[in-house]
Amino acid sequence: MSRFVRSSKYRHVFGTAAKRDQCYDNLRVTNNAWDSNIVKANPLFISVNWNSSGGGAFVVIPHDTVGKLPDNYPLYRGHTAAVLDTDFHPFNDYVIASGSEDSKVMIWNIPERYEEEQEEIAPVLKLSGHGRKVGHVLFHPTANNVLASASTDLTIKLWDIEKGQERQEITGHGEIIQSMAYNYNGSLMATTCRDKKLRIFDLRSNKIIQEGAGHQGIKGSRVVWLGENDRICTTGFSRMSDRQLNLWNTSDLSKPIKTEFLDTSSGVLMPFYDLDTKMLYLAGKGDGNIRYFEYENDEMFFLSSYQSPEPQRGMAFLPKRSVNVSECEVVRAYKVTSSMVEPISFKVPRKSDAFQSDIYPPAFGDEPSLTADEWFSGKDADPKTISLEDGFQVKAKQEFVTSAPEESAVSAEPSSSTATKSASGSMSSDEGLAKLRQENDDLKGTISEKDVKIRNLELELEKMRNALAEAKLANKVASTPSPAPKEEATSDDAAAGAAAAAADEEGVVSSNSVSGNAEDVELPHNSNSLTE
């Protein structure tokens, strides 16, 4: 792939990070080791996987809620284990899906504004079917209410979330699925896998139409489809742990069209493709760089890179329909660090205030091309597009309603600290869960305190045991014919008695656990544990 910069309208694209007061701070970002982007964005909201106890959670932050978030920001709770991935509905900005270690997929309605004392948001739909944790969720680009979920049970399931039904299962992976991407109209899907294979699936027939050897390194690999082309790009590692960028023809995965060795950094490269500008952005986990290329005629022309001293843990890109066209913004990224999300705006430097039609062709809109039933029956349609000349237009909220059976559908009413008790004083399920979580945290705190006491007592006993052992050794070494003075023996006995009394008072060892013999001292064993 070429680093020769030829004439291009995107040659001087540059990135600018938002000022600190325009970022989203005081976040408890998940520390889960699962390889996901952690953050997602749509025209109205940003979602971040949360570090929480007592079950998995994530937050959804409105774009205008900048600055330091309060400590008690509303959490989206419902999963019983860590949330690994989220994805916004492409045709309803107030709906989001999540996948978790608890093997469940959940669908949520997002309120326009959170209530003043609102603490938690409940899901409206729970989808069960996977046998192990769900690591990736991805909505279909053209069919309404169609969602794909990839699990460590080595399957991908396609759901009709309106009906709460699993409609298709994709099999054929030999190891954990690392990433997945739809083609332009959503009829095909490309996947990367821990078995180092790259695959193309026909989703409705569950057939592998192409398969080939991908990146041969042991670390994670990602895939992205290059718009309407029959080309895909993958990022990964070589056998020597060099970071690679490969360009492939989806009709022949026997070998890549092009391979570029980028560097020797260890972080996974997250690829994002902008169809309208034909630019590919590569954000490296663990570093602060974002490289960007322009794709043309089976070449990736390197343009430039955005550099920052602050490493990124994850990245999301805003849908094109909501960029700021008045400032010639071509894409906007959201970079997540250990406790903050930082917007980064990429712009084409132009002075004119007029709409720049050459850099803003019609973009993906927010209207589906097909219903779920139409797509599952075999129909295909390209995405509907809209003009960006008038800028982003906010639509009225549409509440997501499912016709799923009662065991899958759950109440859409959000929980709050002021609306959880009924007139009869009975406790709602949400309040019960909150109370159980609090009891869980209290028990863990009590056990932690006892652990500290036990460790301190063990140290005291160890000191006394050492003192007694030294005294015993001194008595043996003494060569005087007369016995040791009675006062010294009495002193040793008193020390031993004091140690036993102290141990008895703490309730850890019995009164005869400590004697004048160092080998007879019994140490306490901490067997307390709590499994959430």
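Just so you know, glycine gets a Cβ as well, placed from its N, Cα and C.
Remember, TrEMBL labels are computer predictions, not curated facts.
Note that the coordinates shown come from a computational prediction; the quantities given were computed from them, not determined experimentally.
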From 233-292, 473-532, the residue range that TrEMBL assigns the feature region 'Disordered': 473-532
The repeat 'WD' (127-169) [mean pLDDT, rounded to integer]: 97
Reported in the order helix, strand, coil, what are the DSSP residue counts of the repeat 'WD' (170-211)? 0 helix, 24 strand, 18 coil
